[in-house]
Structure formats: C-alpha cells, structure tokens
C-alpha cells in the first residue's frame, strides 16, 4: 500500500511539473507577443507623427490660419463606449440627397445607368 501511494504521489508530482512547464512556456510566448505589440505600437506612433507633420502643410478651403493642434489619443481598458446613433438626415436625408449646401451632385445609381457598364 505504501509503495502504491508513493507511486501515485510521484505521478502527481510529475503531472504538476508538466503543467508548470506548460504554464512557463505560455507565459514566455505571451511576454514575447506583448513585446512585439509594444514595438509595433511605438512604430505606428512614429509613423502617425510623421504623417501628421506631412499633413500640416495642407489647408482646407475656408479654413484660415494654422491647423489645430492634434489631440492625443486616450487609450482606455474599460468597456467600449457606445457610439451615438446617426439619423438618416445626417447622411443626407431619407432619400439620400446631399445635405451640405453647394455639395457636388451625387452619382446616379439607378438601373439604367448601371446597365451601360
């Protein structure tokens, strides 16, 4: 009996060691992934700064003066914020007409026009 119990304990210890080895491996993989993600985020931040510098020389019609200072992105680990719903009027009304005054005319998308292509 004592020998059987000792064998069971040895098997249990072996299984625990195997489990701890797997946990160690997964932890190392997660660490490597986190480091890669951090490096990618830093690279993306640098590219965004370069793009911001390139875009500062462009001006929109009717916009005078210098471009406004860019806002810093706020990263939150909390639950996602709900987006406000957008009414059909904000997208040009229920019939799809342009809402902005002086906007270029929309491309006709009826079946007759589509047939020519």
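Here the Cβ of each residue, glycine as well, is placed from N, Cα and C on the backbone.
Database features, via TrEMBL:
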COMPBIAS  32-46  compositional bias 'Low complexity'
REGION    1-21  region 'Disordered'
REGION    27-46  region 'Disordered'
REGION    61-117  region 'Disordered'
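Each residue of the region 'Disordered' (1-21) gets a DSSP state, and the totals for helix, strand and coil are 20 helix, 0 strand, 1 coil. Sorting each residue of the compositional bias 'Low complexity' (32-46) by its DSSP state yields 15 helix, 0 strand, 0 coil.
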